[in-house]
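These features come from Swiss-Prot:
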- 5-267: domain 'Pyruvate carboxyltransferase' (DOMAIN)
- D14, H202, H204, N238: Mn(2+) binding site (BINDING)
- 392-510: region 'Regulatory domain' (REGION)
Amino acid sequence: MKERLVIFDTTLRDGEQSPGASMTMEEKVRIARQLERMGVDVIEAGFPAASKGDFEAVKAVAEAVSNSTVCGLSRAIEADINRAGEALQANQNMRIHTFIATSPIHMKNKLRMSPDRVIEQAIKAVKWARQYTDNVEFSPEDAGRSEIDFLCRILEAVIDAGARTLNIPDTVGYTMPDQFGGLIRTLRERIPNSDKAVFSVHCHNDLGLAVANSLSAVMNGARQVECTINGLGERAGNAALEEVVMAVRTRQDYFPCDTRIDTTQIVSTSKLVSGITGFPVQPNKAIVGANAFAHESGIHQDGVLKHRETYEIMRAEDVGWGANKLLLGKHSGRNAFRSRLKELGIELESEEKLNTIFIRFKDLADKKHEIFDEDLHALVSDEAQIPEEHYRLLSLVAHSETGEIPFAQVVIATGNNEQQAESEGSGPVDATFRAIEKILNSKAELQLFSVNNITSGTDALGEVTVRLQKVGRIVNGHGADTDIIAASAKAYLNACNKLHSSLERTHPQV
């Protein structure tokens, strides 16, 4: 029987550090439940000491998840570890993940600590975490640029202190696959007590090598991979969970281990995360991109028709791609609606939330002849973007005529008040945004405006993503409607609501 490769998902922690990808507590719980449904072994829910909001989100995930291990990140200081322990106590399999920097540049310039002092601090942190759980993970931050002799010393010491998982991060995505795999092999060979711990890796994608480095590490003895859905994460992102899992599954002739992931849930999970964060999946993205199983070349099409394995190394249905079939219509009832949401891996928090989305579904069905699974994902994501709206669109009139200056008029609810404004612009969307700004005066900088059609057809639901920046804070707004101008207004207001309710966070780089 093959060894098990532990899949450690950090979408809720490291993935959230993608600029604009902040999530509400309810959104984190929805994603965590889907990760559990997919069979993820460990869910890193966040950094409890970062803020009250992060603490409450980790606590909510720990309470919502029972089969997967829920993990909280903490620096190697007692106060952080205490917050993690408190937030995670509802999860029977809780894990505390503590870290400290070990590269010369970090120890000298950031920590301003000697190597011996760093080892002492790491030992103390692991022992302190063991008061809460035996399931303790330790990471030497920036291991890729750390001296090998020092790494061996500190890892041997934390194993003796009780750490059962050793995570080796390539924090800045600097190493090459052979180099990183060799590092894992060397550590396992040189550390006397290495057999008492599981070696894990956490690779960043700055050079586009996160998945390659992770797989190289697996071939050299790593038995846990830290990854994110769609490769979300700081800067260029992390190793993509779907790529790691399917590489190991597809090449069982090559890898000495396997995962317990239900791969048929991959596409649904990808769409859920994309919808909540507002980060669309690129069409040519491996496994979950819209073109991942498309063949346009005549030669390729002919080969696939004759024998699928000529050009397909895995089946689309194995990762959750199915026929884009007609699903529901305006005569469909609430039970059928609920049943299909459940089949798509979507579980809503309450009957009230179901009723709200069902009403929106009925409105969409009146406008759109065919309702597809993608439409349902968009409706749920649009509704769940933010729990309390400080700004709400009440009405919108946009006018665009050839040879005339586009014009928009909006009415927005701000708290208990209603305000109206109108503006001209270079186009109907620009005019709408300018009218909104006359009311909100957010002074935010528009960094991104993106429109995606959810399904085919001129009556397709349009999905708009807006990215705003204000005083260093970056947020993504999301809106969906058959009217692109209305979807744009919703997305802009959604982003402004996030700016209004944003919380300051500390983002550790592991």
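Just so you know, the numbers here start at 1 and follow the chain as drawn.
Even glycines carry a Cβ here, placed using N, Cα and C.
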Number of other Cβ atoms within 10 Å of the Cβ of N238 (Mn(2+) binding site) across all protein chains: 32
For N238 (Mn(2+) binding site): DSSP state (helix, strand, coil): strand
Spatial neighbours of D14 (Mn(2+) binding site) that are distant in sequence (at least 6 apart) but have CB under 8 A: E44, H202, E226, T228, L232, G233, E234, N238, V510
Helix, strand or coil at D14 (Mn(2+) binding site) [DSSP, three-state]: coil
Site of maximum Cβ density within 10 Å, from binding-site residues H202, H204: H202
Listed in sequence order, residues not in D14, H202, H204, N238 with Cβ within 8 Å of the centre of the Mn(2+) site Cβ atoms: T10, P169, T171, C203, N205, A210, E226, C227, T228, G233, E234, G237, A239, V510
